[in-house]
């Protein structure tokens, strides 16, 4: 194949041009994103059951839905929360599921089948798929005037902007946050209702019956068909005011406006509020499709925003809260500059070692291989992001290993065989090294396959590292047996290398260093056992130091953002939460490093980072803040300071200030889950665990799902008095619910919006316990002259009692989750280890039928490692088999396996020496090292086997073979190490553990290849040398 490219220059040139065009066109069309997109294996099912206690919600709603979901075998975990009037079920699919749409469809069918089992009064379950990705753009419209916000105007402009963004090509979804529901409110006093003999329900029914928004049939004749419509539908507040209402106690008719206060407003209290720039606002968040270029989409979006802002009325402001394209560009600029810097360094070291001609050819293989990788990424649909480009950086040194060996061998052949033609030198070289190059490439590919094929969120996050490295290795091998040898031969043909030229022509050499190196090899092979023993010292130290390494799953990111959660006691209202977070905002903005903080109250903030969970709904006591820092500000120390200040200023709140971290999401770094059937027992056990967790050093806050009680108003009814009054408990509950929460009777259309007409008592009657106790009940829900008026206090009393806030379950089992939070910069593994010791010392015991497990960071780490290790066994067997078949010898294959094990010890020792934690990126480095570290040893061992004297055990011949191979062994090692320099000094801290484990292991593996492998080979071949010395 290489001879064809050498003979046909046009084919050679066209091939290079085709690769260049393919790679460049692919690069400019590849989608760009900040981080890899994970498979959306999570979904949430929310169901409303107004007024129901957590126990009733659990039994009547949650359990019914869970039983249906348990039939779906693709589901990994079902986590549910049953709270007052609300059921939320989170579904997680198995890690092996990559095509989720059929599973979601099956789950929807199961939920729809279970709807018939739900009690009356429940809403239809709402199914929402949770995508672990960030919004591309978050903007907000704020009310700038001093007057109270007009949400009608603000909402209509927000919906118009929502429509504009949705129409941009490539938009996946647009959502509104903090957009309150508008409604027509009819407020009437209980006394007025009593006087007229009406209830809220009967008044609402009369309003509904007056709303003629229903079909009245058609007039059909042979000539035409005419629609019949009842005139007088509810279409304005004036029409509502003039509506005639018949009293229940007499034939009296009154106007609705005379007995009720009618107004248009927002739901009170609102379910969620957005506070942007310290003002009430509506936020608009847009997702972009994964196969789109984010920068191109953002250009169109910004143009639309500029036009939209010009049309806004005075008093409404437009603010960009989050622009993901900025972070994507920063991330890609960083990794691409690392790629370019690595390429320059690699080319420079090749130039010094091999001379300008060889470095030119080797340097040509680098961009060609990278361009082939870009083309392959386009075919496979892999976008450009920090992980895929980092895979290319890792592969930089590996890309030219094969090229260095090929070019060096071609030059050697041309020098050592006098009169040999470049064509024959090319053909001989490729024939000689094809199998060793294939074997070393194959072992490297096998080493990175577990990374590329690992399942689960962590595997998907880091998997493209393995994919791009494998693509680079394959591209490098193809070029090294086709284009590169042809270029080497052609360049020699056009300009032969002088025998005694300058260093920049044939590479750097130093006679004294060469002599010392030759002397060291002679001494090594004279006493191979001593050399082997000395070489084993460092790897053994690495294995011994492994238990002392700190554990860290993923490091934090260096983005100029962080977030915080603000949680008050469960009974606190949303307006009070809003007031508290506005005070917190003032404190936060006292730090000049902070640009601003945006608050979202009542639910989670819109997704601005791929692994920040959006798991809070209908939580009036909860708020989440997004903090934007000034440029080039590091967040670690600031977060710790802010945590202390907020804890001191708001002792009644639980405030967690959290860094943005890489890797899969989790609620809390420390998490222990208790399982059992009895809620009281679970709560008692949880209190014990939480007490020990709170004593653990570096724990700043603890939380338990069964620790807090919700104050509840219990209405104790006297059944005898109820019967005498002609009432029952269900009738009382219904009348109280409609009086306090209101009921919808009809609607008014405004443009394309339908505003519900809500009938209820006024706020003054709903917010006072004495007023509630004095509410009048009618002996019948229907208006009739026989109805009697009974005060609530006459048939019962109202008292405050504690109640369970929420009931959590996991896969059908009741659960109490205890969580611990730690300061920024503290490793969870250290805290967890100390907590486990404390728990053991406290003699904590679980009763029969109860169990526990760990979640949080440890749970995610165990899942990730299980998915990674799942394929290692099979791939290890494949690697060993390939080595045995390559050398056709178990002994030779064993030498390479020992090299891999020793290099593993060197990699672990490097982590210990430079005090890096043993995290997931370090594990990836160790796995990759196993394939890279054996390449030089394979080349050395193959050269020894093919040398007649060396294969007999001749020490002199062994030394000569090693000396001959040293230049390309050293060159490949140095280029690989130099290629990792950008990752070694990466300021984010994400990549250095991976880089140092590979660099340290690979540097030691080179010494192992030059000294250990030949020493072992000499020992194995001594018998052959003795037999050859005997007289025949």
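The backbone N, Cα and C atoms fix where each Cβ goes, glycine too.
No curator has checked TrEMBL annotations; they are predicted automatically.
Looking at the stretches 335-353, 354-372, 411-429, the one that TrEMBL records under the feature transmembrane segment is 335-353.
Among the residue ranges 831-851, 894-914, the one that TrEMBL annotates as transmembrane segment is 894-914. Taking Cβ pairs closer than 8 Å, the transmembrane segment (387-407) reaches residues 35-36, 332, 335-336, 338-339, 342-343, 346, 350, 354, 358, 361-363, 365-366, 369-370, 373, 377, 429-430, 433, 437, 440-441, 444, 461-462, 464-469, 472-473, 475-477, 479-481, 484-485, 488, 928, 932, 935, 939, 968, 971-972, 975-980, 982-983, 991, 994, 998 in its own chain, all 6 or more past its ends. Counting Cβ pairs under 8 Å to the transmembrane segment (529-549), the top-ranked stretch among 335-353, 465-488, 868-887, 965-985, 991-1020 is 991-1020. Long-range contacts of the transmembrane segment (965-985) within its own chain (CB-CB distance under 8 A, at least 6 residues past either end) are made by residues 337-339, 341-342, 345-346, 348-350, 353-354, 390, 393-398, 400-401, 404-405, 408-409, 507, 517, 932, 935-936, 939-940, 943, 991-992, 994-996, 998-999, 1002-1003, 1005-1006, 1009-1010.
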